[in-house]
Amino acid sequence: MNIRQQLVQLLNLAMVLSTAFMFWKGLGLVTNSNSPIVVVLSGSMEPAFQRGDILFLWNRDKYVDIGDVVVYEVKGKPIPIVHRVLREHKVTNKDRKVRQLLLTKGDNNPTDDLSLYAHKSNYLDRDEDVLGTVKAYLPKVGYVTILITENKYAKLGLLGLMALSTLLTRE
């Protein structure tokens, strides 16, 4: 394989990666969420959602309702949490802006999420903490992501296969 063919393959790989990145960012713009697709990592929402389910989020609604399943991030913790809204109330700021505050709980958990929230915080702020509301899901499809994340040999094997296929594919 000459240098020109190698450059073409490298450009094809760059095109695939940039297309995936543009798709992700475009989906984020449409859904108004930094993380429009997430994978369930625990059993806290069983039986509604199982470990490995892929969730599709929507974050364009001004408020969420009691009973909605939301994905939120806690300040200082990297992994988003998927739980159901248990309680909500609205607070008007000094500048007359209405903020929605939420209390959540996993369906399979005995207590609410108060202990998970940021230090000295009794509620989630809808605008600051919530990534989106779950609108659809695909069962079990996210297990591939979990396998790659939790198993370093699976990650190395997948990267090796990708590199090998790139080197062996001819145009």
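Here, residue 1 is simply the first one shown, and the rest follow in order.
Positions of Cβ are set from backbone N, Cα and C atoms, glycine also.
Since we're looking at a predicted model, the values are computed, not measured.
In the topological domain 'Cytoplasmic' (1-6), helix, strand and coil residues by DSSP number 4 helix, 0 strand, 2 coil. According to Swiss-Prot, the topological domain 'Cytoplasmic' annotation covers 1-6.
Marked as transmembrane segment by Swiss-Prot on the basis of sequence analysis: 7-24.
Residues annotated as topological domain 'Lumenal' in Swiss-Prot, with sequence analysis given as evidence: 25-171. Taking DSSP states H, G and I as helix and E and B as strand, the topological domain 'Lumenal' (25-171) has 39 helix, 43 strand, 65 coil.
The active site, charge relay system feature in Swiss-Prot is assigned to Ser44 (among others); the stated evidence is similarity to another entry.
Residues annotated as active site, charge relay system in Swiss-Prot, with similarity to another entry given as evidence: His83 (among others). Around His83 (active site, charge relay system), a 10 Å sphere centred on its CB holds 23 further CB atoms from the protein chains shown.
The active site, charge relay system feature in Swiss-Prot is assigned to Asp113 (among others); the stated evidence is similarity to another entry. The Cβ of Asp113 (active site, charge relay system) has 21 neighbouring Cβ atoms from other residues within 10 Å, across all protein chains displayed.
If you look up Swiss-Prot, you'll see 157-168 marked as region 'C-terminal short (CTS) helix', on the strength of similarity to another entry.
Mean model confidence of the topological domain 'Lumenal' (25-171) amounts to 92 (pLDDT, 0 to 100 scale). Shown in sequence order, Ile81, Val82, His83, Gly106, Asp107, Asn108, Asn109 are the residues of the chain, 6+ apart in sequence, with a C-beta less than 8 angstroms from the C-beta of Ser44 (active site, charge relay system).
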